[in-house]
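See below for the structure under consideration.
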Amino acid sequence: MASNDKGLEEIPDNQIESNYDEITDSFDAMNLRAELLRGVYAYGFERPSAIQQRAIMPVIKGSDVIAQAQSGTGKTATFSISALQKVDTNLKACQALILAPTRELAQQIQKVVVAIGDFMSVECHACIGGTNVREDIKALNDGPQVVVGTPGRVHDMIQRRVLKTDQMKMFVLDEADEMLSRGFTEQIYDIFQFLPQSTQVVLLSATMPQDVLDVTTKFMRDPVRILVKKAELTLEGIKQFYIAVEKEEWKLDTLSDLYETVTITQAVIFCNTRRKVDWLTDKLIARDFTVSAMHGEMEQNQRDVIMKEFRSGSSRVLIATDLLARGIDVQQVSLVINYDLPANRENYIHRIGRGGRFGRKGVAINFVTADDVRMMREIEQFYSTQIEEMPMNVADLI
């Protein structure tokens, strides 16, 4: 087993033991169809997360796969990308069936499949309770290649022979522990009986209670087992402030002023788009600041050089998109500036949870316009934390 996954050594009882640790660390190396790869990048993915690096390839190769992973690890895209790689777009029939415990999750998955499959002529239908049965029947008769649904409605549609299973290649159970604990066991077992023997089974679950293990032993053949631990990031020890900026256009001056007051050992400045990163970099260079920039459109070797310079301290300020927010430890970062608040709140901890890692203290400063106030409140609530107005003596804190 590769030694880079230290988390695999101590495994509590309800965790599976990983039997697979091959890693594919870029989407380019996965041999995806060109139009699917285009969709992956257009969706905003830069590089695969830990689960995507491990699980996409065995799924594409046709193995049954059990992945133990929490939400927030990138699991939805893992099976969405795999399913889209495997379906025959010329065949109007359900080839991949994805089950989820709730309607909301099923709809969310459908959105991801549709978005990533944007450049492919692929149909994805959400087959969920609480919607019009007749419309469901009509949509299923069109033969969408991917169907996402909740167990009750999917079971009903299979029994009515509306959702035909004869062309099924892949069956995905997302949040299997949730589905089984909600009493869907019988329906799920039933659905298995309708599928062709050759159907590949992919099961994702945060925990591995007995009822989930039963499904894996009854219905899966020699599965690849992948355990992905979610890195525990914390906001402890990180002072979080905001600066109220009246207009978006004034953020640049605010940043310049901040530079004047603060001696920065090293800082990361986050923007939400690649374009903004380039724009801000140019503006700061024009004002004689030394900065480097990093985003997903750069070649990997270019990124590596920039990271090396930043790690060694020869470059002091790095402007980046969320690409940097996951999986890169820069120990000496004392300051993180959110020039833009993250578009989704999960990324907040990935951006600033790093500044204070290894017990180091850190400071995070958020630039907040009137439009951002709601998002900031949501972030505070989500993490049960306080983001306070930046005090005058901020220089003493960094």
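Residue numbering: from 1, along the chain as shown.
Glycine is treated like the rest: Cβ placed from N, Cα and C.
Predicted, not measured: the structure shown is a model, and the values here were computed from it.
The annotation ATP binding site is assigned in Swiss-Prot to ALA69, GLN70, SER71, GLY72, THR73, GLY74, LYS75, THR76 on the grounds of sequence analysis. A coil conformation is recorded for GLN70 (ATP binding site) in the three-state DSSP classification, outside any helix or strand.
Annotation comment: Swiss-Prot describes 56-226 as domain 'Helicase ATP-binding', evidence class sequence analysis. On the 0 to 100 pLDDT scale, the domain 'Helicase ATP-binding' (56-226) averages 94 in the predicted structure.
Annotation source Swiss-Prot lists domain 'Helicase C-terminal' at 237-398.
With helix defined as DSSP H, G or I and strand as E or B, the motif 'Q motif' (25-53) counts 17 helix, 0 strand, 12 coil. Residues or ranges marked as motif 'Q motif' in Swiss-Prot: 25-53.
The motif 'DEAD box' feature in Swiss-Prot is assigned to 174-177. Residues 71, 75-76, 79, 98-101, 105, 109, 203-209, 211-212, 215 of the same chain, all 6+ positions outside the motif 'DEAD box' (174-177), place their C-beta atoms under 8 angstroms from a C-beta of that stretch.
On its own chain, GLY74 (ATP binding site) has PRO48, SER49, ALA50, ILE51, GLN52 as residues at least 6 apart in sequence with a Cβ closer than 8 Å to its own Cβ. The binding-site residues under consideration are GLN70, THR73. Their Cβ neighbour counts within 10 Å are lowest for GLN70.
In the three-state DSSP classification, LYS75 (ATP binding site) falls within a helix.
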